[in-house]
Amino acid sequence: MNPLLITLQALLSHWRRHRLQFFSIFTGLWLATALWTGVQALNSQARADYARAAAVLTGPGQAQLLARDGERFEQALYLQLRRLGWQVSPLLEGRLRIAGAHPLTVRLIGIEPLSLPSTAAVAGIAIPAFDLQAFIDAPGQAWIGPDTLQQLGLNSHEQATSSDGQRLPPFVVQPQLAPGVIVLDIGHAQALLQAPGQVSRLLLAGESRPLPADIAQRLTLQTPGDDGDLQRLTDSFHLNLTALGLLAFVVGLFIAHAAIGLALEQRRGLIRNLRACGISLNTLLLSLTLELGVFAVLGGLAGVASGYGLAAALLPDVAASVRGLYGAQIAGQLSLPAGWWLAGVLVSILGALLAGVSSVLRAAHLPLLALAQAQAWRMAQGPWLRRQAMAAGLLLLVALGCWQWGNSLTSALILLATLLLAAALLLPALLDGALAWLARGCRGALAEWFIADSRQQLPALSLALMALLLALAASVGVGSMTEGFRKTFIGWLDQRLSADLYLTPQDTTQALQINAWLAQQAAVTVLPGWRAEIRLQQWPVQVQGIIDHPAYPARWPLLEQSPQAWAQLASGRGFMLSEQLARRLGLRLGDSLELASDTLTVVGIYADYGNPKGHLLVSAGWLRAHLPQATLSALSLNLAPERIAPLKAELQQRFALDDSRVVEQATLKRWSREIFNRTFAATTALNSLTLGVAGIALFISLLTLSQSRLGQLAPLWALGVRRRQLAWLSLGQTLLLSSLTVLLAVPLGLLLAWCLVAVVNVQAFGWRLPLHVFPAQLLHLAVLGLLTSLLASAWPLWQLARRQPSELLRQFADEA
Amino acid sequence: MKPSLYLLIGLLLLSACDQPAPAPKSFAGLGQDAAAFKQVTRNQPLVFPLDHAAHNGFRIEWWYVTANLTDRQGRDWGAQWTLFRSALRPGAETTGWNSPNLWLGHAALTGPGGHQSSETLARGGIGQAGVEARPFRAWINDWSLQGSDDTGRLQMSANGKGFNYTLNLVSTGPLVLHGAQGYSEKSGKGQASYYYSQPFYQVSGEVERYGQRLAVTGVAWLDREWSSQPLAPEQSGWDWFSLHLDSGAKLMLFRVREQQGAPYRAGTWISANGAAQALQGEQIQLRELAWSKQDNGRKVPTRWRVQVPEHGVDVQVDALEPKAWMQTRFPYWEGPVRFSGSVSGRGYLEMTGY
Amino acid sequence: MLVIEHLHKSYSTTQGKLAVLQGVDLQLARGASLALMGESGSGKSTLLHLVAGLDRADSGRILIDNQPLDGRLESAMARWRREGIGLVFQQYNLISSLDVAANLSFQARLAGRLDRQWLDCLATRLGLDSLLQRYPEQLSGGQQQRVAIGRALAARPALVLADEPTGSLDEACSDEVLALMLQLVGEAGSSLLMVTHSPRLAARLERRCVLHAGRVRAEPR
């Protein structure tokens with residue numbers, strides 16, 4: 001028989017007797033792959049959807065002409081430019097509410113396929129491949145993504161109706177089309193959106209020239225890249241998810257690493273025998289690698305399958321998160337390319353290699369003649385702890401550097417990673433130190449043994465304890481951040497959302513009519529909100545103009561303010577801006593900003609959580625004088641509670657406003673909170689999973705350790721320590737080690753939380769949150785950590801307590 | 001000329017180009033409405049200047065100018081200006097995006113060392129393209145062909161990547177009706193169109209290529225054709241000639257190739273004073289002599305032997321630029337030619353379906 | 001001091017029940033030493049384990065100073081091991097996490113009978129003075145056995161049980177260690193029951209008996 005086969009057979013026979021180890025390695029690789037691929041699935045699905053959103057219309061140049069006031073404009077301008085030889089294509093965009101079992105507001109995009117350059121594509125369909133007759137002629141086509149159609153609860157052959165009773169063209173399902181979008185001919189779009197002769201923007205192909213003066217007064221050129229695109233905006237979110245996935249992956253690999261190492265230890269004799277029987281080192285290494293490969297493929301397949309399940313379960317939350325944070329649409333369904341599955345298995349193989357390479361290398365260096373003896377642990381432990389502590393020190397230096405000089409999200413995440421890794425590497429040294437300190441206070445033979453033996457177990461348990469530390473610290477950190485954010489956000493929301501009724505009129509004209517009508521109503525306070533969209537340093541910024549009213553100082557919480565801030569704002573000399581924008585522009589209180597050929601002074605900075613755009617607050621008078629494109633787009637009303645419902649009904653009836661345009665405070669708050677809760681649901685779920693994985697790592701480490709522990713415990717038993725007592729002592733040891741780990745995890749977690757709120761959030765979102773410490777939450781997590789370790793040690797200890805004396809005796813009698 | 005354009009426009013505008021043989025389904029609406037389009041009939045006198053404008057109600061129509069030009073250095077140039085109208089459904093023109101008309105413009109400039117072409121599209125109903133009679137004005141985006149009511153004087157301009165031209169056309173002869181008083185048959189099975197030409201234009205103007213402007217003079221030929229019937233499916237392509245003989249006479253010839261069987265041949269002999277005589281079948285002999293490989297790998301005959309024995313015509317026709325390939329959504333070959341033999345002169349050649 | 005009466009012990013194995021001891025009778029006076037000999041599998045280690053309270057007999061009695069050793073109570077057995085005896089095995093004797101000094105004093109402290117002077121004397125006599133801070137894996141086999149012997153005697157137990165205590169040592173070393181052990185057992189005033197298969201070593205003890213097929217076959221003079 002082939003030596004390789006013989007070797008494999010001999011090596012694999014080990015697993016028949018050690019099924020548990022087999023499952024440990026398998027579980028490690030499985031969990032690592034599952035969590036990692038799950039997160040990757042979420043990310044790639046989201047990215048694919050952003051790409052779909054971006055690919056609703058793709059072409060050579062993405063430059064476009066927009067009205068200076070941001071509103072729609074007449075298509076005569078399009079014709080004028082076309083007659084001048086401009087390669088422009090009109091596009092009309094708007095929101096349309098589709099009636100049906102599941103009413104849904106979609107983004108309607110009307111395009112003109114003939115004027116689009118032939119190199120352009122809509123939803124992945126090249127322009128020359130259009131069935132023009134079907135698309136533009138009556139009844140036309142309404143292109144829709146399969147997920148949107150499903151959301152509407154309609155079949156592709158059903159014809160949809162808008163909420164105002166107009167029939168949409170028949171649906172054509174385009175798998176590439178982004179969710180929440182319907183694409184149709186501009187003619188049909190103008191009819192549905194009741195915007196005859198109106199366009200939203202002109203897409204420009206080819207090079208741009210200076211616009212003719214009369215058109216330049218109306219339109220402005222926006223070059224590609226001006227728009228803060230989804231990909232970039234959401235990168236931070238996905239980077240966060242990736243970091244969590246990576247953490248889980250590492251924790252899973254800890255399990256595999258520990259189990260693979262143990263399997264090698266136990267097979268030292270076998271390996272020596274095989275070598276002595278003439279099996280070459282290469283054959284042996286090949287066999288070990290093949291064996292590892294089998295594990296990797298098995299774990300990978302299981303992992304990828306579970307990862308898919310995990311991603312499918314978390315996707316709705318992730319979708320809600322990015323919608324809430326960035327307004328990005330992603331589908332509620334997974335559709336992954338075949339490559340993803342392959343990549344998952346490859347990741348598992350990579351993980352198995354990472355986890356097993358040290359063991360295989362050790363097998364390669366195994367001396368042929370050395371006697372099987374317990375490792376000289378004490379001689380090895382000192383340098384081992386020193387090396388790890390040194391590595392930790394280096395990492396801490398990197399962390400310090402990132403904190404001091406880093407100013408990007410990547411550096412913020414490196415700070416987190418190095419901090420966590422350094423803490424993990426320091427853990428054995430810290431635990432050893434703590435035990436050494438405890439040992440000084442010990443009297444009595446058993447107590448001394450208790451501590452000394454705990455120290456001896458450290459190398460074997462340290463990986464699992466590191467996993468526990470990382471998972472717990474991450475839980476504490478993310479938990480504190482989330483809770484803190486919730487507390488801050490809800491408080492902020494309560495202050496900010498203090499009007500009873502929020503109105504979004506259709507346009508400025510209607511807004512003015514409503515305002516005038518409301519002025520005649522008794523006991524209603526109206527706060528009109530003038531808005532304009534501008535760009536500051538290429539960043540989209542919303543400018544809001546407010547009237548001088550005591551409601552604002554009372555309700556608009558400021559993070560920082562100059563004396564007389566509100567009065568200065570009302571005078572038109574000062575302005576306030578959101579924290580994100582202030583950071584981005586590098587503005588502080590008292591700084592001035594050139595705005596619409598005027599210079600204003602920063603008099604206040606406020607939080608504006610969850611807004612991907614910048615926000616500026618100025619007086620309405622100043623806004624209307626300096627930015628004529630400003631529109632009156634919102635009215636906030638305060639009135640007696642019993643009058644809210646009748647007034648709402650009357651407004652709706654009188655001005656034909658649907659539910660989405662007249663919203664009560666409670667509804668708005670509920671929406672915001674729902675979005676918030678879902679935003680962190682995926683993060684929280686991943687976090688708990690990581691903690692679970694750490695628990696499993698500890699369990700498996702203890703279980704594998706419990707077999708070699710017998711040799712340590714048998715002499716004690718022979719010297720008159722009862723079995724039950726031994727079991728309790730062992731439990732005590734585990735709890736001692738995990739308690740110390742938990743004790744270290746709490747400050748580490750708080751440090752992590754600080755990094756998250758003060759560094760990562762600032763880089764990722766632009767806002768800094770106050771650091772809140774929630775003792776109850778900490779206690780809860782600490783108890784959870786201890787419970788995890790208690791559960792993890794329960795089974796191995798129960799096994800130990802049940803050991804028959806004969807098994808213990810064998811420790812002495814085997815060789816006799 | 002250009003029976004071509006039934007197919008051309010049909011493929012170009014009314015169906016997806018990635019379906020070379022349009023499935024009946026995509027023409028479902030068209031088939032139903034086909035009867036509702038106006039039909040080409042014999043003995044329907046053409047009325048000018050009204051017939052210079054668009055014929056709404058017919059499915060397809062074009063304004064087609066080809067010019068053979070010479071610069072001051074004596075080098076030959078060719079310019080093409082084409083506007084197609086295609087209706088999605090019968091009925092009058094409307095105002096707004098729901099107009100039945102789609103418009104397509106092709107322009108090309110052929111000169112020493114190269115051929116450049118350009119294409120532009122527009123929807124009807126919004127004023128982006130159209131043709132009006134009084135005064136005559138045909139336009140699509142920034143291209144135009146406009147002038148006097150009787151098309152006796154026209155200004156023609158178009159542009160594309162790296163080229164543009166502005167040419168003034170003055171006619172020195174009458175309009176010429178092809179076939180039977182403008183009723184021009186395209187096959188033995190009754191496909192026909194209304195077809196007239198103005199082959200007697202003298203041209204002066206400027207062409208510009210890669211920033212270099214040149215004054216040019218020469219001759220031009222306007223073709224006008226409209227119909228509602230597509231070609232028979234078994235007709236695979238066509239070859240069309242418009243020739244200015246040095247004697248002052250003009251000659252239009254075309255051949256519609258059948259997948260099986262002999263091609264359908266027809267033409268018009270136009271004497272120098274404008275008198276037209278329809279030619280058909282054996283009166284016309286066309287033979288390919290040499291082929292040129294185009295940039296996309298297709299081989300197209302660019303040297304021909306053309307014989308009209310009745311008028312003593314036996315000439316060899318050579319393309320000025322063998323690679324006058326129109327790289328448009330529906331590609332074809334169109335370019336200026338020179339001929340010599342029993343008589344010499346210049347003209348234009350169009351070939352599709354290769 | 002030690003009286004063994006009709007001791008029976010069998011183990012269930014995959015091949016059925018294996019009767020190891022089939023009615024063993026034996027006595028050992030206080031301060032006396034007895035070498036227990038026999039072939040591999042004759043049951044001599046089993047007998048030693050029963051006396052040490054590491055295992056329970058099926059039937060028969062073990063009397064210590066006329067008191068029966070009750071195998072049913074684990075606490076009593078553990079106490080007997082802790083306080084009544086000193087154990088020396090062939091190997092796996094020491095607690096690897098503790099240094100030599102802690103190992104030496106371990107059982108005496110467990111039994112609550114720590115006698116510093118005696119311990120120092122033991123360490124000196126066993127030649128361990130310079131090794132007290134070392135850990136078991138840093139010692140040679142002979143040194144490890146000396147620590148085991150010292151630990152067994154540290155509490156001056158009534159009975160020292162040794163199972164091939166020099167089995168993994170070479171001849172010279174083994175003689176030296178045995179001599180030391182006998183001497184110290186004598187000084188401690190303990191009785192000694194030693195399992196060995198070496199007649200040469202057995203000859204150095206006061207009495208010898210041979211176990212064969214589960215019974216004491218003969219006690220050669």
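Even glycines carry a Cβ here, placed using N, Cα and C.
Note on the transmembrane segment (A:20-39): residues 14, 241-242, 244-246, 248-260, 262-263, 266, 295-296, 298-300, 302-304, 306-311, 314, 340, 343-345, 347-348, 351-352, 355, 686, 689-690, 693, 696-697, 700, 703-704 of its chain, located 6 or more positions outside it, place their CB under 8 angstroms from a CB of the stretch. Among the features that TrEMBL reports, transmembrane segment is placed at A:20-39 (among others).
Beyond its flanks by at least six residues, the transmembrane segment (A:241-264) meets 14, 18, 21, 24-25, 27-36, 38-40, 42-43, 271, 292, 295, 299, 318, 347, 351-352, 354-356, 358-360, 362-363, 413, 416-417, 420, 460, 463-464, 466-467, 470-471, 474, 682-683, 686-687, 689-690, 693-694, 696-697, 700-701, 704, 708 of its own chain at Cβ-Cβ distances under 8 Å. According to TrEMBL, the feature transmembrane segment maps to A:241-264 (among others).
Taken from TrEMBL, the feature domain 'ABC3 transporter permease C-terminal' covers A:244-367 (among others).
When Cβ-Cβ distances below 8 Å are used as the criterion, the transmembrane segment (A:284-308) is approached by residues 4, 7-8, 11-12, 25-26, 28-38, 40-41, 256, 260, 271, 274-275, 334, 336, 341, 344-349, 351-353, 356, 359-360, 363-364 of the same chain, each at least six residues removed from its ends. Taken from TrEMBL, the feature transmembrane segment covers A:284-308 (among others).
For the transmembrane segment (A:340-364), same-chain residues at least 6 beyond its ends with a Cβ under 8 Å from one of its own Cβ atoms are 28-29, 32-33, 36-37, 40-41, 44, 249, 252-253, 256-257, 260-261, 263-264, 271, 281, 284-285, 288-289, 292-293, 295-297, 299-301, 303-304, 307. Residues annotated as transmembrane segment in TrEMBL: A:340-364 (among others).
Taking Cβ pairs closer than 8 Å, the transmembrane segment (A:385-406) reaches residues 412, 414-415, 418-419, 421-423, 425-426, 428-429, 432, 759 in its own chain, all 6 or more past its ends. Residues or ranges marked as transmembrane segment in TrEMBL: A:385-406 (among others).
Annotated transmembrane segment per TrEMBL: A:412-439 (among others), in sequence order.
Away from its own ends, the transmembrane segment (A:460-481) comes close to residues 244, 247, 250-251, 254-255, 257-258, 420, 423-425, 427-428, 431, 683-684, 687-688, 690-691, 693-695, 697-698, 700-702, 705, 708, 737-738, 741-742, 744-746, 748-753, 755-757, 761, 769, 771-774, 777-778, 781-782, 784-785, 788-789 of its chain (Cβ-Cβ under 8 Å, at least six residues beyond either end). Residues annotated as transmembrane segment in TrEMBL: A:460-481 (among others).
As a whole-number mean, the pLDDT of the domain 'MacB-like periplasmic core' (A:463-653) in this prediction is 85. Taken from TrEMBL, the feature domain 'MacB-like periplasmic core' applies to A:463-653.
If you look up TrEMBL, you'll see A:685-705 (among others) marked as transmembrane segment.
Taken from TrEMBL, the feature domain 'ABC3 transporter permease C-terminal' applies to A:689-805 (among others).
Residues or ranges marked as transmembrane segment by TrEMBL: A:726-759 (among others). Residues 403, 406, 412, 415-416, 419-420, 423, 427, 430-431, 434-435, 446, 450, 453-454, 457-458, 461, 465, 468-469, 472-481, 484-485, 698, 702, 709, 713, 716-717, 768-771, 773, 778, 781-782, 785-786, 788-790, 792-793, 797-798, 800-801 of the same chain lie 6 or more positions beyond the ends of the transmembrane segment (A:726-759) yet place their CB under 8 Å from a CB of it.
According to TrEMBL, the feature transmembrane segment maps to A:779-798 (among others).
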Long-range neighbours of the transmembrane segment (A:412-439), counting only residues six or more past its ends (CB under 8 A):
239, 243, 247, 381, 384-386, 388-389, 391-393, 395-396, 398-399, 402-403, 406, 448, 451-452, 454-455, 458-459, 462, 465-466, 469-470, 473-474, 736-737, 740-741, 744, 748, 751-752, 755-756, 759-760, 762-764
Using DSSP, what's the helix, strand and coil tally for the domain 'ABC3 transporter permease C-terminal' (A:689-805)?
100 helix, 0 strand, 17 coil
